[in-house]
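A.B. asks: Here it is, the structure in full.
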Amino acid sequence: MTSYALLHTQRVTAKNGEVFTISPDLWERNQQQQSLLLRYFALPLKEENNRLWLGVDSLSNLSACETIAFITGKPVEPILLESSQLKELLQQLTPNQMQVEEQVKFYQHQETHFEQEDDEPVIRLLNQIFESALQKNASDIHLETLADQFQVRFRIDGVLQPQPLISKIFANRIISRLKLLAKLDISENRLPQDGRFQFKTTFSDILDFRLSTLPTHWGEKIVLRAQQNKPVELSFSELGMTENQQQAFQRVLSQPQGLILVTGPTGSGKSISLYTALQWLNTPDKHIMTAEDPIEIELDGIIQSQINPQIGLDFNRLLRTFLRQDPDIIMLGEIRDEESAMIALRAAQTGHLVLSTLHTNDAISAISRLQQLGIQQYEIKNSLLLVIAQRLVRKLCSKCGGNLANSCDCHQGYRGRIGVYQFLHWQQNDYQTDFKNLRASGLEKVSQGITDEKEIERVLGKNL
């Protein structure tokens, strides 16, 4: 009987006293991970209820368990074995290969090279990251090279949440793989780069990713902005506006000309508010044009254009062209400078309804911001119909009610987000805010049991 066959009956006792029966069949079932297991000096001991028990010789090798868990999609339980015992078992499982020490050195040496034939673990690892991000509804994926680890974090409902750490030996290959997907220069790690690519999930969903790289002290950092390429429900009720706010917004949207601004920081939901307004306005008798960076949601019946600064196609050039295209409604992704502000105001004064965004903390600050961009007070009064300031707050989880129950997969007490709003509109020869500021709007959501005061404080701070 060969040493390989003897493994069918061989038992191994872990340092914690637990006894395992070694299964070559389990080793064979993990064939795609064998080079990875040898690289980490690790041995699969048992698989049960979709959980994998992994033998290692040191708790410092926990990153191996986390990486293999990511690749296999199974929780991994680390089991400490004697180093000599682990070496003997691995050697019996690979009798026709080089000595275990040489195999470990060989596979670890391979980590310094990006080789196509050894891409499978990296591809599986990235696929698992993408699938996990989709399942958790993450808007951004952060991949960060640290001193000893490669950190993965997902931004879920506006909050960064750490994911299992990955061994740093994968860092360069993951980064190179992502650069290949985004058609970037793999060899350039001294300068930031930006790119895009698509990923098809197990369930045939298409994810669009915007990729940004950044050189750091320990290596490159990558941030991926995820966007699902599928229909999105756009309705005022989903935004979280009150009935009065919805009606006020729709009344202003029904005006033939003027400027409507949505304000707030990055990630406050401004784009969704604009898309919802455009969808409500979208009828066959209206010519609607948008200038965006990038196009986040595709809307049938609307002419959407994306800026391309590399060839000189910026917001200002698109806006000037739009005015020669006989539009009824124009959406400008963002008013960024004096020129775009002037063009937007002139369009709003000459028979067009213009929608855009500004980065200001509240509604009233939008007026001073326009003045800083060179717009005169009388021009603002003649054109500006409505300013909506907004934020997104997390909703209490409908399963656990925010009680942070361990059995709930939200793990944070929250699931999903909803908007809180402040309206500033022209009324009786002056601009008037509606009766709610952002905090009052948020506290109303608290009284309705939608969110809690801690979340309002997190989003708004103490000054709003």
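Each residue, glycine too, has its Cβ placed from N, Cα and C.
Take a look at what Swiss-Prot says about it:
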type    : residues                                                       : note
BINDING : Gly264, Pro265, Thr266, Gly267, Ser268, Gly269, Lys270, Ser271 : ATP binding site
A.B. asks: Counting Cβ atoms within 10 Å across all protein chains shown, which of the binding-site residues Gly264, Pro265, Gly267, Gly269 comes out on top?
C.D. replies: Gly264
A.B. asks: Counting Cβ atoms within 10 Å of each candidate's own Cβ, which of the binding-site residues Thr266, Ser268 comes out highest?
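C.D. replies: Most Cβ neighbours within 10 Å: Ser268.
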A.B. asks: Within 10 Å of its Cβ, which one of these binding-site residues (Lys270, Ser271) has the largest number of other Cβ atoms?
C.D. replies: Lys270
A.B. asks: Suppose the ATP site is Gly264, Pro265, Thr266, Gly267, Ser268, Gly269, Lys270, Ser271. Which further residues of the same chain have a Cβ inside 8 angstroms of that site's Cβ centroid?
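C.D. replies: Surrounding the site, in chain order, are Thr357, Gln390, Arg391, Leu392.
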